[in-house]
Each structure stands twice: as structure tokens, then as C-alpha cells.
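Since the structure comes first, as C-alpha cells, the remarks are kept for the end.
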Amino acid sequence: MGNKQTIFTDEQLDAYQDCTFFTRKEILRLHGRYHELAPHLVPMDYTNDPDVKVPLALIVNMPELKENPFRNRIVESFSEDGQGNLSFNDFVDMFSVLSEMAPRELKAIYAFKIYDFNVDNYICKEDLEKTLNKLTKEELTPEEVNLVCEKAIEEADLDGDNKLSFADFENMISRAPDFLSTFHIRI
Amino acid sequence: MRRMSVYPQHGTALENLGLTAHEIQQEVENNTSELVSDLSDLSAGARFQAIRSLPMSYNERKAIRNRVNNIKLSKTILPTDCRQQVSLSFRRFRASLTSARQRLVVWQDTLKEIGGRFGTSVLSYFLFLKWLLKFNVFSFVINFCFITIPQIVHAPNISHVTGFRGLELLTGVGYFNQTVLFYGGYDGEVIVSKPAYNMQLAYFFTIAAYMVLCGLSLIYSMSRSFQKNFVLETGPVSGGAWRLLCSWDFSVVNEKAIQYNKNNLGIQLKESLSERLQMKNKISLSDRIKHLSLNLVAWLLCLLLALGSGAGIYFLGTEQLTFSFNQDPNDLVSEASTLLLPVVVSLINLIVPLLYSLIGKMETYSNPRAKIYISIARNIILKMSLLGILCFYWLNFVPDKIPCWESFVGQSVYRLLIIDFIFCLLGIFFGEFLRNVIGTMCIQSLGVPEFDIARNVLDLIYAQTLAWIGIYFSPLLPVMQVLKLFIIFYLKKLSLSMNCQPPKHTGRAAQIQTVFIALLFFPSFVGALSMVAFTVWSLQPSDQCGPFQGLKTPFHTIFNWTDSIQGPPETHWVWWIFENVLRSELFYYLISLIVLVITFFLWQITQGRKQLIKSLREQIVNGGKDKAFLLNKLQNIQRQRREIASYSPQPIRRSMRGSVRTVAQEFDQTTYYNPNWINTLPMDM
């Protein structure tokens, strides 16, 4: 609709617009960013849907993710294979969920996946300890870490199985209105 | 299957129930068709929002979207190509609207940078500033188009008493006196053109329409914000779980800022741990009485300070008036003395909040959030009482004593705004820059100053109240406010990066945002609106200047206009509506009654929902207990069976032993204990 670009077909751009929270311009800009990560790997022409995946090590070097304590988990949660290799669709998906237009329920689902380090669909005490260590480094002693995690489970666990299921997590999120604005990465 | 099983229950349940791969596929296919048919029943906008919110991978979402589109296409009666083209172009149009709207957003990159370096709570201050800017730009545009341009085009002969001197920029008198900047520069004539343009009506309706639109926009924002942020708080919310899992700010990308946030989080967790240990000791009764009395004393002091400042301003104002406003335009000294009042007001606004924070240090609060709210309340009381005294003085004493009193009020507001701006600049320099220098070089213990969001936002609210009050008396005042907000945005950003650090306690930022918007509506906007309404409704406009010369009150323009349209039959119905509906009290009683009844019903519905949430929560807890009980029981039965199976009494014949062993083997094979059995229980208990 205006500028002639040859990266995507119009159909593809329509599909991106319908299925993600981005506009055509933003999708093209995202493609530029994706290409920058691995110029020799990512083709400029996506009209025939090439099967290209950028490895984890290159993606976590993006300025938006570089300093984030959860960068590895974020990228892993959005990858098909769980190892952190993102295709362009996964890449767009990631930033779409993390954008400010994504609804709370969608963000809660992915936040749960990010905090679930051992990928067993529950946030257990070990997951909380890993989260805490990523967030505070060496500030707290091991006993304090233990206490904090126990207290967290005590507060949020509703069905009494000593770990947080998705329902518990979502219940906690619903009482934290700031979550929508803090779980947000601008690109 | 990896991405589909985001809902933990469904995925693992299917796997553990031992279904074959084919049956799982069948189940997934059923779910997908259900989803597709649900989606195709929604309206277009809701459908696309729902598709975007599906927690699946992109390819799966695209597949579902294609299926939904096919279904929609097959349901129509128009030929396929035409319908497809129409819907496609419609979607593209909507998307281009969104992107065009995004391009109009000012400061997009700057805001991203601020959010990345300082976090979302500081960003909320700048977003608030941007939102206020929109109000002022809108006001300027409609005032300029509807009032100022006709006046300039049809300018009456206004002779300037003096040339332009520099002092006008500060005081607003002199050269500016008879220009379109103030009320006095406007004329109430009917401009003879095709069609006739009635300046009186234009002035009245433009200001009224702007106020009404502002009010509606504020109410809408306030209710949206309230709905999003003030959720039902049952259970501990400021605890470790929330801080650990929901409070980390993902949008911060700057390394130093992230380190800073990590330190803060560690400190807060340690504090909450130690608080928890301390809370074990209950506060004694005498301590509580002591705290309460300290709070009362502090409140008394603050109210006295506010009253004292109000009285001081009042006496200063009346003194200035009795000083008899010297009409000699060359008397620069007396003109400069009119700046005394604004300077004193700004000084009070600067010093008294500092005193309030000192007083606040001597109190103790159990809840740190209560402390913030009480300090906001005190500051708002101070600022609004100052403005209230000023308005009272302007509306009661000024109209009798000064010939063109609306221009005088407009000029006073202008002076207040300019001096407030200058003090803001000084505040940035002294309050932040010098304080940073002192804190880092001279007195190390003070440290870098924190960016006090509450104080800055209250200053913005105060300035906006002044601007709203001044719109009626000085239609082009929003220009100044726009310039001021622009400059403050960039200066604050600069000062923030050079001098300050983000605030340490960033919890509950969303709720404080709602409080700020609510404060902007009441008392700020409502106060300004009531002052303007009082002026329009009951005060006699000045005889010598302005569009409403000669009328009893400005509102009489409406009466004159309705009288004029009473005659011609095609406009008779407007007059009828005005006379019999809008002017009769019965109409307003009925409306109030209906609104009250609807509010009562909605409140009852809310109460019912609260009950429902409580009972659902209890159900979840009971469900967990049931699970634990059943698990225990099963484990006991397993243990018993294993004991029976392994029990082999001594004097037993060979054949019996063999048969016991085979029976035991049978038991072992049939007792298949799946440790993950708990996942197979249906979650919707």
C-alpha cells in the first residue's frame, strides 16, 4: 500500500497484522532487526517462507534483552524446540506478547512459562529459588532465600500442593495491576 | 504439541490418561473446531483481538485465522472474490489508521528511552505530562479557530496605550492589555457575514464545549484506570510472592538501572523479612495511642500551615487592591509590584511541602502506602486552598473595584503561571542540580536525590488547574501552558539523567496513577469548572470591554438567543426544548433519581460478585484438601497391599509358597502407581 517492498508478500503481511499486535511497518522494522542479528543467515526475501532459525546466543545479544536477567528463559519459552533457536515467526511472536497491546491473560501464560525453569508446568520451590538468585545475585544468604521462597509459596498457593500451578499464578497476577506495564519490552 | 500444552492441565492430562496418539489428535481436532466456530461468531474487531490473544505459536494461529476466514466467506451471499476484496481492504484501512495514529504520537522514541533507563513509575510522570499537553493543545486549537480568528479578521480599533516593553512578558499588562490574549480584547458584535457569526455565542459555546469535553474525557479515563487498577484485594498483596514474580520491570534495558533495581529488590526483600519477624510482637495499646496522637498533632500543624498561608495570601491580595491599581502605564515600579503576589504564592508552594515532609518524618505509619497517600492529601489541601482563596478574592472583590475586571483576572492568572514556571526552572536547578552536587561532593551521607514523582505530579496538577481557571478570562492562555509543558519535559528528562535517581519504592505505581487522575478531576477540574460556571451564571460582566458588555450576566446571551429563535417555526422546537426541558427542575430530579437507582443496582451486583469470588476461593482450597486426602488414602492402600504381598509366613509348603509368590506377582503387576496421577484429576471441580 505505498512503498514497494519485496521482503514479504501482501498476503503474509496481512496475516502478520491479523495474528500479532504489530502493524505492517513494525513487522518490516522487526525483520530488519532480525536480519541484523545474523546477516549471513537471514535472507532478505521471505516470500517463500524460508526455514531459518537464529541461535540463542545471537538473540540474547540484542540491546533489549542483553541485560535482562531472564533473557535465556524468555527466548527459550518462545522457541519451537525449547532450546532458544527462534525463527522469524517466533521472534515476532515474542515481541508481540511482550508489547503493550497484549492482554493480561496472554502475558500471564508466557510469564508462567518463563518462571518455570524445569518446564514441568508448575513453579516449584527450586524455580522460585532460581528466579530469586537471578534477581538479587549475592544479596541474600541461603537461609533468607529459603525463607522468601517458602513465604512466597505459602502466600500464593491456593490448592495446597506446595507449588504454584498456573491457576495460582494467574490469581496472583490478577491482584497486581502493575504487571501489564512491567511485563513489557519495547522494540 | 509443545506450544499447545500451555494450559498445563489439558496436555499432561491427555498424556497420562494413556490415550493413543490417534485419540490425542482427535481430541485436539475437536478443540480446534470448537475454537474456530466460537471465533466465527464474534464481531470483526473482537474476532481479531481474540485470534491475536491465542496462546499458540504463530503458525497455528495463522491456520486458525485462515479457517475462520474461510467459514466467514462461505457464509456470505455475495460472490467470493468481491467479499474477499471488501473485507481485505477494510482490514487494511483499519490497520493504516492505526499506523497513522502511531505516527502522530509525539515523543515516542524519547519515552522509550526514558522507560528503558528509569523504569515504568518514572515513565508514568512523563506520560501524565503528555496527556495534559493534549488537553491544552486541543483547547488552544478550538479557541484560536472559533474565537480568535474571527476577532482578528474583524478587529475593532484598539489603540495601544504603550509600546512593547520587556516587562509585559512577566506581568501581562501594558501592550498585552487590549490584545486578543485577554478577555478585554474581544468584542461582542455580530459579525456581518454570510451566515452571521455571533461572537457572544461563539465565545460562550466554545468555552462551554471545551469544558464539557474535558470533563467527559477525564471521567472516562478515571473510570478506565479505576477498573484496571483497583482490583479486589483479598489476601496479602504486598508480600514476597508478588515482589518476586510480578514486580520485576522488564522494560528497563540500561545496565546501571538494572543493577540499581536488583539492589533495591534485595533490600526490600530483606526489609520485609525483618518486618515479618518484628510483626510477631503486637503493638501495645499505649504505643498505638501515642502514634494516633502524633498523627493528629501532625494533621493539625499541616492544616494550620495551610490556613495561615491562605490568610496571608488573602491579606496580601486585598492590600494590593487598596494600593489602587495605578493606571499610569509608565509606572514600572507599581507594575512590578503586581508580581509580588505570584512570587509569594510560588514560595509558599515550594516551602510548605518541605515543612510537611519534615512533619511527616516524626510520624510512624504501619502501612508505607498510607504515608504516601496522606502526604499527597496534605499537599493537595494546601494547593487547593491557595487557589480557592485566590478565586474567592477575584470573584468577590475585583469586579466592583476595577473597570475591566475579567482582563485583570486573566492577567493575574497569567502572572501566576509565568512565575510558577520560573520557580519550576529554579527548582530544577537548585533542588536537583545543586542538591546532587552537595550530596555527592560535600555531604556524602545525603546521596543522590530521588526523583519525587508525587511532588512533581502535584505541581503539574496545580499548573493545569490554573490554566483551566484562566481559559475563560484569557482564551489564548493554553499556548503558554503548551510551551511550558514542552520545556519542562525536556528539562526534567535532562535533570533526571544528570542529577537524580529513580525512586526506590516503586510498588503500586498503577494505583497511584489512578489517584492522580482522580485528583485531576476532583478537586482540580471541578473547582475550575465551578469557578467559571459561577462567573458565567451570576457575575455581571464589565461594561467597557469584552464580548458580554451590557448584559446582566454572560448567561443572558443564551436567553437572548433562544428568544430570537422562538419566532421562526423551524427553530421553534429548539426553544421549546430549552424552555420546558432544560430549564425545568423536574427534568434534573428525574435524571438524578434514575442515576441513583442504576448505581444502587450496580452496587448490589458488585456485592454479589464479591460473595461469589469468596465461595469459589473456598472451593479451590477444599479441592486441594480433597486431593491431598485421596492421595494419602491411596498411598496407604498401596502400602497395605504391598505388605500383604511380601508377607511370607515361615512354615509353608513349597507349593503354597509358589502360589503365594505368583499371587504376589499378580498384585505387583496390577498395582500400577503413577506418581503423576494427580495431574489426571479434572481441574474443574
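From the backbone N, Cα and C atoms, a Cβ is placed for every residue, glycine too.
Features as listed in TrEMBL:
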{"type": "TRANSMEM", "residues": "B:131-153", "note": "transmembrane segment"}
{"type": "TRANSMEM", "residues": "B:201-220", "note": "transmembrane segment"}
{"type": "TRANSMEM", "residues": "B:292-316", "note": "transmembrane segment"}
{"type": "TRANSMEM", "residues": "B:336-359", "note": "transmembrane segment"}
{"type": "TRANSMEM", "residues": "B:380-397", "note": "transmembrane segment"}
{"type": "DOMAIN", "residues": "B:404-510", "note": "domain 'TMC'"}
{"type": "TRANSMEM", "residues": "B:412-430", "note": "transmembrane segment"}
{"type": "TRANSMEM", "residues": "B:512-537", "note": "transmembrane segment"}
{"type": "TRANSMEM", "residues": "B:586-605", "note": "transmembrane segment"}
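Look at the domain 'TMC' (B:404-510): DSSP puts its residues at 80 helix, 2 strand, 25 coil. Same-chain neighbours of the transmembrane segment (B:336-359): 167, 170-171, 173, 298, 301-302, 305-306, 309, 312-313, 316-317, 320, 323, 375, 378-379, 382-383, 386, 390, 412, 415-416, 418-420, 422-423, 427, 455, 459, 462, counting only residues six or more beyond its ends whose CB sits under 8 Å from a CB of the stretch. Long-range neighbours of the transmembrane segment (B:131-153) within the same chain, counting only residues 6 or more positions beyond its ends whose Cβ lies under 8 Å from a Cβ of the stretch, are 180, 185-187, 191, 197, 199, 202-203, 206-207, 209-210, 213-214, 217, 221, 460, 464, 467, 471, 475-476, 478-479, 481-482, 485-486.
In the predicted structure, the domain 'TMC' (B:404-510) carries a mean pLDDT of 85.
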